[in-house]
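S.K.: Quick one: the structure is below, and I'll ask about it shortly.
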Amino acid sequence: MNENSRLHTHSNIRNTFFSEIGIGISGNSFLLLFHIIKFFRGHRPRLTDLPIGLLSLIHLLMLLVAAVIATDIFISWRGWNDIICKFLVYLYRSLRGLSLCTTSMLSVLQAIILSPRSYCLAKFKRKSSHNISCAIIFLSVLYMSISSHLLISITATPNLTMNDFLYVSQSCSLLPLSYLMQSIYSTLLVLREVFLIGLMVLSTSYMVALLYMHRKQAQNLQGTSLSLKASAEQRATQTILMLMTFFVLMSIFDSIVSCSRTMFLDDPTSYSIHIFVMHIYATVSPFVFISTEKHIVNILRG
């Protein structure tokens, strides 16, 4: 690839990435503002309102931090020092962990809400909001502890002269870890991913089974009230199911790209493509939630 082609490719990736970030920031800002206005107007909150509002706030902050880091990838300037590099990268990774934790807990919460009264999960409905909040806090603190090694391994490297450094941005890079530390960190991350994504898969499978039962029951009964109720539950649950499926697929694809980049190819272009993939979920999710809000849809149609 000649220099002109390389610059053209770099420019296209930059424009695409910043467009993605801009769309994601707009969508999450709108969704967060909607939930804030809804809260202050005294509307009766749904059990899912808190995690959805929290998720939009997390994604908003994550995309803002990603935009700042991206300026150091696509735009040449004087660079950052060690403190700025450590702070931004650690904050970004922590927000990504929060996104995973909140998404997983949202899936579990929706499964609890959908459970019939005769099911054991229905017992958690009354305290589900409090329990989910505590679980999110616990998992977030745990993940931030796992990611604390970044405060040591991230460093400012204006002039990279060693191939062992892993590219993060023009000013920041990741110092190589010892084999033992890398193994411990990788194991902890894998356990975290398996646990949280496993919760999503279990809760998603549970909801699919319940929806199937609702559908069969609605077909057997002639009453309209049950059909309407089942339809409302279907709409809410299908939104979560779609997001969970999309999130799991993006997580798997992100892991594949990340591993291939670490093992085979490490350059600014491949990294730029990687960070574009990482933010697809944060960009798309607010619009999925917005499309299910009747108040917003009615206003937009009017």
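For all residues, glycine too, the Cβ spot is worked out from N, Cα and C.
Among the features that Swiss-Prot reports, disulfide bond is placed at CYS85-CYS172, with the record citing sequence analysis. The feature N-linked glycosylation site is assigned by Swiss-Prot to ASN159. Annotation comment: Swiss-Prot describes 1-16, 71-91, 153-193, 260-269 as topological domain 'Extracellular', evidence class sequence analysis. Here Swiss-Prot flags 38-49, 115-131, 215-238, 291-302 as topological domain 'Cytoplasmic', drawing on sequence analysis. Under the heading transmembrane segment, Swiss-Prot lists 17-37, 50-70, 92-114, 132-152, 194-214, 239-259, 270-290.
Explain the structural surroundings of these features, please.
M.R.: DSSP gives CYS85 (disulfide bond) a helix state. Just so you know, the Cβ of CYS85 (disulfide bond) picks up 24 other Cβ atoms within 10 Å once every protein chain is counted.
The helix, strand and coil residue counts that DSSP assigns across the topological domain 'Cytoplasmic' (38-49) are 4 helix, 0 strand, 8 coil.
Within the model, the topological domain 'Extracellular' (71-91) carries an average pLDDT of 83.
Across the topological domain 'Extracellular' (153-193), DSSP helix (H, G, I), strand (E, B) and coil residues number 16 helix, 8 strand, 17 coil.
Remote same-chain residues near the transmembrane segment (17-37) are listed as 49, 52-53, 56-57, 59-60, 63-64, 66-67, 70, 74, 272, 275-276, 279-280, 282-283, 286-287, 289-290, 293, 295-296 (criterion: CB distance under 8 Å, separation of at least six residues from the stretch ends).
Remote same-chain partners of the transmembrane segment (50-70), defined as residues 6 or more beyond its termini with a Cβ less than 8 Å from a stretch Cβ, comprise 14, 17-18, 21, 24-25, 28-29, 31-32, 35-36, 88-89, 91-92, 95-96, 98-99, 102-103, 105-106, 109, 129, 132-133, 136, 168-169, 172, 275, 279, 282-283, 285-286, 289.
Non-local neighbours of the transmembrane segment (92-114) in the same chain are 47-48, 51-52, 54-55, 58-59, 61-62, 65-66, 69, 121-122, 124-125, 128-129, 132, 135-136, 139-140, 143-144, 146-147, 150, 192-193, 196-197, 199-200, 203-204, 206-207, 210-211, 233, 236-237, 240, 243-244, 247, 251, 278, 281-282; each lies 6+ residues outside the stretch with a CB under 8 Å from one of its CB atoms.
For the transmembrane segment (194-214), same-chain residues at least 6 beyond its ends with a Cβ under 8 Å from one of its own Cβ atoms are 100-101, 103-104, 107-108, 110-111, 114-116, 139, 230, 233-234, 237-238, 240-241, 244-245, 247-248, 251.
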S.K.: By a Cβ-Cβ criterion of under 8 Å, what residues six or more beyond either terminus of the transmembrane segment (270-290) are in contact with it?
M.R.: 10, 13-14, 16-17, 20-21, 23-24, 27-28, 30-31, 34, 52, 55-56, 59, 62-63, 66, 70, 73-74, 96, 99, 167-168, 239, 242-243, 246-247, 250, 253-254, 257-258, 261, 296
S.K.: For a quick check of packing: other C-beta atoms within 10 Å of the C-beta of CYS172 (disulfide bond), how many?
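M.R.: The answer is 25 other Cβ atoms.
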